[in-house]
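The following features are taken from Swiss-Prot:
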- Leu18, Asp60, Glu65, Asp66, Arg85, Arg132, Ile243: substrate binding site (BINDING)
- His162, Cys249: Zn(2+) binding site (BINDING)
- His162: active site, proton donor (ACT_SITE)
- Cys249: active site, nucleophile (ACT_SITE)
Amino acid sequence: MFKHIIARTPARSLVDGLTSSHLGKPDYAKALEQHNAYIRALQTCDVDITLLPPDERFPDSVFVEDPVLCTSRCAIITRPGAESRRGETEIIEETVQRFYPGKVERIEAPGTVEAGDIMMVGDHFYIGESARTNAEGARQMIAILEKHGLSGSVVRLEKVLHLKTGLAYLEHNNLLAAGEFVSKPEFQDFNIIEIPEEESYAANCIWVNERVIMPAGYPRTREKIARLGYRVIEVDTSEYRKIDGGVSCMSLRF
């Protein structure tokens, strides 16, 4: 069960966030409205929420998942692969230290890691080697996890930006998977819920204390999740999709 959530209000500079999509620029007013709805959804999940203020220097700073990995035993400050995002680690560290006094580790150069590439399954962490997370970063991450009695393994990505672009672990051995992840041997022991290609964006969901928060507008995925017995909460994240963001990106859950 999660007790705490850290999130950050989007900055107006969000409209200049990094993107590989061709969906246009986000509308800030809509993005703010969508973020407010996301926070309201989290408020129904029996968690304490720390909402940090916007920081205009960092357009992508609403995506708090990437600069930190929160585990049950330590927090790890990452080193984002996107240079424009590296300062995001500095503006969140004080908050992280408050929750993990004396238990904060960090990834050092030349390693790069963005925690959107990391999926937690119990005490094991799957780490995507991607354009943003390199082999050295993954090596350091696994060494830190093992130091704290946890474990990690590497999954090589072929097409998507981050590991969790196409995967979501919903506890109880249930794994949402889209695209390249459906057939990866690393995941064949899970109960794989295959997300159809046309709804692949919906593979990025979050489990929060027996609720599943997912992007709105993907009825087939919603039905598959609901059939497993979860309470499903839909939130519109269409403005964040324009800058390669999804449901998991906007919070730290621990």
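One is the number of the first residue shown, and numbering goes on along the chain from there.
A Cβ is built for glycine as well, from the same backbone N, Cα and C atoms used for every other residue.
Swiss-Prot feature annotations superimposed on the structure.
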{"residue": "Leu18", "record": "substrate binding site", "DSSP (3 states)": "coil"}
{"residue": "Asp60", "record": "substrate binding site", "DSSP (3 states)": "coil"}
{"residue": "Glu65", "record": "substrate binding site", "DSSP (3 states)": "coil"}
{"residue": "Arg85", "record": "substrate binding site", "DSSP (3 states)": "helix"}
{"residue": "Arg132", "record": "substrate binding site", "DSSP (3 states)": "coil"}
{"residue": "His162", "record": "Zn(2+) binding site", "DSSP (3 states)": "coil"}
{"residue": "Ile243", "record": "substrate binding site", "DSSP (3 states)": "coil"}
{"residue": "Cys249", "record": "Zn(2+) binding site", "DSSP (3 states)": "helix"}
Based on Cβ atoms within 10 Å, give me the single least packed residue among the binding-site residues Leu18, Ile243, Cys249. Leu18
Same-chain residues six or more away whose CB lies under 8 A from the CB of Asp66 (substrate binding site)? Asp60, Thr78, Pro80, Arg85, Glu88, Glu114, Ala115, Gly116, Arg132, Cys249
Cβ-centroid neighbours of substrate site Leu18, Asp60, Glu65, Asp66, Arg85, Arg132, Ile243, 8 Å, sequence order: Gly17, Phe63, Pro80, Ala82, Glu88, Glu114, Gly116, Asp244, Gly245, Cys249
Using all protein chains in view, find how many other C-beta atoms are within 10 Å of the C-beta of Asp60 (substrate binding site). 25
Take the C-alpha atoms of Glu65 (substrate binding site) and His162 (Zn(2+) binding site) and report the distance between them in angstrom, rounded. 11
Looking only at C-alpha atoms, tell me how far Ile243 (substrate binding site) is from His162 (Zn(2+) binding site), rounded to the nearest Å. 13
